[in-house]
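Before any comments, here is the structure.
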Amino acid sequence: MTKILIVATSNAGKLREMQAYLANTDWELTLKPTELEVEETGDTFASNACLKASEVAKATGNWAIADDSGLQVDALNGLPGVYSARYGKTDGERISRLLKELGSEVNRQAQFVCVVAIASPDGAIALQAEGICRGEILHAPLGSGGFGYDPIFYVPEKQLTFAEMTPELKKSVSHRGKAFAALLPKMAAMLSSSAE
């Protein structure tokens, strides 16, 4: 039986990635109503993901899934962090600001973090998972795929930026991919226990 899962985002890129991660499940993903805005007031990725999932679930009366993710740059004391999406108006502005702030800094170590949360229709958080991908910030963008900071986030083990990776490769190594890999077994267990 297919269950509706409201995705607490208006970001079409995130929706497509989530649909790919959950393709072989009994969940049908749909975007949240555009007029439903949830302000990200949390100071951690986990608190923001839980807040968004809970608010959207309560407002729609459906199960809801949310993620909060961002880039933490070691030399910038973890910034942009939870402010990653608000570091500029466009992807280009965000990348430019980050590269300007890093300047000629030698330590380019960084990590992408993703926390995914699922809330039941009453707003209670049913599941939560985290994924982390370590990498480095390049001095200039490379690649045309992906979105956000993907063109400047380089994964040394793969010798590619996120923007140079195929969707399949990115899915297997990214912070979001790792979070969903941790979440899927929990979702399957939850569905089987609720079916009993």
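Note: Cβ is positioned from N, Cα and C throughout, glycine not excepted.
As the structure is a computational prediction, the values presented were derived from the model and not from experiment.
Quick look at what Swiss-Prot lists:
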BINDING   Thr9, Ser10, Asn11, Ala12, Gly13, Lys14, Ser69, Phe147, Gly148, Tyr149, Asp150, Lys170, His175, Arg176  substrate binding site
BINDING   Glu39, Asp68  Mg(2+) binding site
ACT_SITE  Asp68  active site, proton acceptor
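Cα spacing between Asp150 (substrate binding site) and Asp68 (Mg(2+) binding site): 16 Å, rounded to the nearest whole number. Counting in whole angstrom, Ser69 (substrate binding site) lies 15 from Glu39 (Mg(2+) binding site) by their C-alpha atoms. The binding residues for substrate are recorded as Thr9, Ser10, Asn11, Ala12, Gly13, Lys14, Ser69, Phe147, Gly148, Tyr149, Asp150, Lys170, His175, Arg176; their greatest pairwise CA distance is 21 Å.
Between the binding-site residues Gly13, Gly148, Gly148 has the most other Cβ atoms inside 10 Å of its own Cβ, all protein chains included.
In this structure the C-alpha atoms belonging to His175 (substrate binding site) and Glu39 (Mg(2+) binding site) are separated by 23 Å. The separation of Glu39 (Mg(2+) binding site) from Gly13 (substrate binding site), Cα to Cα, is 19 Å.
The two recorded residues Asn11 (substrate binding site) and Glu39 (Mg(2+) binding site) have their Cα atoms spaced 15 Å from each other.
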